[in-house]
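*Asks:* Handing you this structure, nothing more for now.
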Amino acid sequence: MAFNNMKDLQLTPSRGSGVSNAVDLEDVRLLDHYEASGASLEDGIRNSRRIQVSVGGMTCAACSNSVESALFAVNGVFHASVALLQNKADVVFNPDLIKDADIKSAIEDAGFEAEILPEANSSRTIPNKTLLGQFNIGGMTCAACVNSVEGMLRELPGVTRAVVSLTTSLGEVEYDPSVVSKDGIVNAIEDAGFEASLVQSSEQGKIILEVAGIFGDLDAQSLEGLLCHIKGVLQFRFDRNSRELEVCFDSEVIGSRSLVDAIEEASGGRFKLSVKNPYARMTSKDLEESSKMFQLFTSSVYLSVPVFLIRVCPHVPVLYPFLLWRCGPFLMRDWLTWALVSLVQFVIGKRFYVAAAKALRRGATNMDVLVALGTSASYFYSVCALLYGAATGFWSPTYFETSAMLITFVLLGKYLESLAKGKTSDAIKKLVELAPATALLLVKDKGGKCLGEREIDALLIQPGDPLKVLPGTKVPVDGVVLWGSSYVNESMVTGESVPVLKEVEAHVIGGTMNLHGVLHIQATKVGSDTFLSQIINLVETAQMSKAPIQKFADFVASVFVPTVVFMALFTLLGWYIGGVTGSYPQSWLPENGNYFVFSLMFAISVVVIACPCALGLATPTAVMVATGVGAKHGVLIKGGDALERAQKVNYVIFDKTGTLTQGKATVTTAKVFTGMDRGEFLRLVASAEASSEHPLAKAVVEYARHFHFFEPSETKDSQKNDKDSGWLLDVSDFIAVPGRGVQCSVDGKHVLIGNRKLLTENGMSIPKHIEKFLVELEEGAQTGVLAACNNVLIGALGVADPLKREAAVVVEGLCKMGIRPVMVTGDNWRTAQAVAKEVGIHDVRAEVMPAGKAEVVRSFQRNGSVVAMVGDGINDSPALAAADVGMAIGAGTDVAIEAADYVLMRSNLEDVITAIDLSKKTFSRIRLNYIFAMAYNVIAIPVAAGVFYPSIKLSLPPWVAGACMALSSVSVVCSSLLLRMYKKPRLTSILEITVE
């Protein structure tokens, strides 16, 4: 594996292609060669300070070297790095020995100008941010391993968060790249005794390519030479075995597609490159692991079956004389058995010894320790029995087959477990498959004229690219329609089954299916920014998160293995002492056996039948399947903790506008109270409301536009078009008053538009006839909007927002489930109560400011109740964050979605019930898994220890105990997989839901 390392980073790469150690180049800038050469220096010095200095007067490399030499000559300077092009120096020093002024003086004494840069710019040489890295971790077998890795990662300097999943063998680490690099994290995991590699991170300017056309070392060297001469390439690594090329590049200089094109063009078409999808790489690794486990299992079977047959069926006519042939001190059957079992024990079973040794070295224990201990006891006892028989002539029975069959069954369990765990990630695999592999790029000249089209890898699409989408093909990325008209099926992403018409300026989602016409679109979001990628990331993050109930399994796992070993020793001593003291008859012993052998078999059975894996898999597998099932039904769950809290919900608080209602407000009434012309009144009101994002404001503008032009707006940018068309008046001093309305100046007139409070707070009174008009509107579930000009109330509008058709059914369904619905709104009391009455909600909180919604949530939480909040707008985000379970409507704002724990993609209130019902089903399954895992160990260990042997002669041979252990974890995973059969409650059956 070759790695091209830039010793002194320049704007263009150095032309050498020397091979050196790998260097992390995340967020590389000109000063960042400090990170490459000595990032660990500052980490290793506790009392250090780091500053950046602006240096003037440098004209060449000799000048920068002079500044560096002058800085290094100062006593107390640990590190100094000078960038000629940026005219900056980066200095790490001991503040107890020197001060900032000494650094400045040293540079000035060298003949240059110096200025200490402010702390905000000098705290580090890379942007002040953390990166999120996903690492593939191999060698974990149980919850104890997960605890060990998580604990080690959280202790690393610079790591702010670490979550490890046993089911996916993935670890998600949030870290500060200025303190610890990806390679440092990988090395730390490997030092702890596990295998590790980076899957992907939030780092920009990096691409992994698969290269075709490499047939030998000369080709590889040619590729490396090409890369060294491509402007913008900072670093690369080519793996000659996997043919994978990893390139770090300056995205300001060269883009990913330009990079691929440059390599293919420079090679004359000899090399063909394709982008490696990180999810596809992860899937291939899963398949590789399953394949490897199957090979080990089949090899163990081939070697173990003859040993088993020699033991149970020795009188085969043809082979019997051969097996009884004495060769040296032993019979041939003993030689064959010993040889075959040794291969199983130390070649095939090597992985157990290696993993156990690594675990013990770091002071931890896991299932590998139990397997290694149990099989070793059986194997080495059998070897000692053979040698003792050869020396004394007293031949004790051997148990070689126990060791071989134990390893075989454990490997079978591991193989079945890997297959079952692979099924739990089907949801992500299906989401990944939604995105097309290729796209049609429209090639245009500088004038925008289309010259042709070319097929490119979809992962190489860049923002702004014009793309062509043919009928029957998938939209490659998120974008906006430039030309054409077609219906697009968005059901695979949003859950809506009805195709959506897409015309010019309409937004399209990557992964959706274009049904009829040809579309030309412009890419707006690519890579990890696309809607589909965000869903995948959300599901993946949720699958890796831990539910609080998992803490129980983590605690049990930490003490499980030592407890089992103690119980095995107790079993060994109990049976042995009981035999020596005559507590049980000698007839219980096997033929030619003794008390030690009899006791040892029980002890080995105890060691191998105990299974910490079943406990460790009980929660994460269920959470993983549930989040995938939720995504399939349009419910995105952000974590296991949210999934656990949702099943305990006592109250569901609904926002009114856009949540219980359709969010498509329409003006039903417009009344003028002065002599102003109706058209002028609407024009004045629309001019003021055009700058507001409130749904009621948009309804007012739409109504006024329709009044003037007799046609509805056709695009989402209608308000912008309205302003450009000139029919709206000039507005200044616009102020949006939360929970009140807006105030501004329209053509020099002071205008107020909003509710009663806005007008009264500005010193205006509301006449009785206008108040009566407002009351009639509000009792009809409409919102009254008052308009005043120069402190004169000139008119009012009635705005209605129809209820969603499923709202009343969902509210009644929640009541049937024993959950109390509550409505909270900033609207007035009469309108709120009218809407609540129509939908069936009895607990109403009206005229609540955005911050007050969060206080309403807390008021219910004070008595220990679990509260869910359902909302869609920015004003709902404080309440969504304050609630135990926040549910954001998928059509809502990004802020609301970010603050929520659940995202209801279809914007359908039925999914509130689906979310709660899925949570209850999931945790019923988790409890069942725990009951099985605990019951298995509680029952199996006493049986293996021989508790029932004196009464009913029930005992488990070690190899049978091993089979039980292997199948226990598989059964827990399969139990979790039954959640894939989940059916969400139908609309017709919601009202039949009763309290459990």
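Positions of Cβ are set from backbone N, Cα and C atoms, glycine also.
All TrEMBL annotations are machine predictions without curation.
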*Asks:* For the record in TrEMBL, which of the ranges 397-416, 897-916 is the transmembrane segment one?
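*Replies:* My reading of TrEMBL: the transmembrane segment range is 397-416.
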*Asks:* State, in range form, which of 335-357, 369-391, 597-618, 930-952, 958-979 has the highest count of Cβ pairs under 8 Å to the transmembrane segment (397-416).
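*Replies:* If we count Cβ pairs closer than 8 Å to the transmembrane segment (397-416), 958-979 scores highest.
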*Asks:* Looking only at the domain 'HMA' (49-115), what is the model's average confidence as pLDDT?
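*Replies:* PLDDT averaged over the stretch: 74.
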*Asks:* Hey, which bits of the same chain come close to the transmembrane segment (597-618), Cβ under 8 Å, at least six residues off its ends?
*Replies:* 141-144, 146, 166-167, 366-367, 370-371, 373-375, 377-378, 381, 385, 396-397, 399, 402, 406, 410, 417, 421, 553, 556-557, 560-561, 564-565, 567-569, 571-576, 579, 588-590, 926, 929-930, 932-934, 936-937, 940-941, 943-946, 949, 955-958, 960-962, 964-965, 968-969, 971-973, 976
*Asks:* Who are the long-range neighbours of the transmembrane segment (335-357) in its own chain, taking Cβ under 8 Å and residues 6 or more past its ends?
*Replies:* 139, 141, 193, 296, 299-300, 303-304, 306-307, 310-311, 323, 327-328, 366, 368-369, 371-373, 375-376, 379, 382-383, 386, 398, 400-401, 403-404, 407-408, 410-411
*Asks:* Using a Cβ cut-off under 8 Å, which residues of the same chain at least 6 positions beyond either end of the transmembrane segment (930-952) come close to it?
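*Replies:* Here the qualifying positions are 552-553, 564, 567, 571, 575, 584, 588, 602, 605-606, 609-611, 614-615, 618-619, 961, 964-965, 968, 971-972, 975.
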